[in-house]
Amino acid sequence: RATPDISAIGAGFQIVMGGSVTQVLGTSASTPVVAAMVALVNDARMRAGKPSLGWLNPLLYADKVRAVLRDVQAGTSAGCRFPDGSTAPGWTAVAGYDCVTGLGVVGDFNAFLASLM
């Protein structure tokens, strides 16, 4: 799948690699953040005697979840760089769904959790 449903911050993550602290960015940083939030929601649901979320996509597009996501309306994606050095344009964030941040970002985890309970 080449388009996002939701997003998370993807820059400035400090990690330890080879014994040294360094920063990473991109989907390698943001995807684990979203996965961790979903895992926390599943944990809360199971503790409440409810099933895990299962296929998440339809749930993310429900009005009650969309209402708690923060729409990102500025910024762009980098696009592609080809071996010859040429580039293809990326996407621009706009109001509503876009190919940079999807529906938006989780600005308040507790509201996100409540919307999926």
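Sequential numbering from 1, following the chain as shown.
A Cβ is built for glycine as well, from the same backbone N, Cα and C atoms used for every other residue.
Database features, via TrEMBL:
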{"type": "BINDING", "residues": "Asp71, Val72, Gly96, Asp98", "note": "Ca(2+) binding site"}
{"type": "DOMAIN", "residues": "1-117", "note": "domain 'Peptidase S53'"}
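In this structure, the binding-site residues under consideration are Asp71, Asp98, and the one with the smallest number of other Cβ atoms within 10 Å of its Cβ is Asp71.
Sequence-distant contacts of Gly96 (Ca(2+) binding site), defined as residues of its own chain at least six apart whose C-beta falls under 8 angstroms from its C-beta, comprise Asp71. Same-chain residues at least 6 positions away in sequence with a Cβ under 8 Å from that of Val72 (Ca(2+) binding site) are, in sequence order, Ser7, Ala93, Asp98, Val100, Thr101, Gly104, Val105. Those same-chain residues not listed among Asp71, Val72, Gly96, Asp98 yet with C-beta within 8 angstroms of the centroid of the Ca(2+) site C-beta atoms are Gln73, Ala93, Val94, Ala95, Tyr97, Val100, Thr101, Gly102, Leu103, Gly104.
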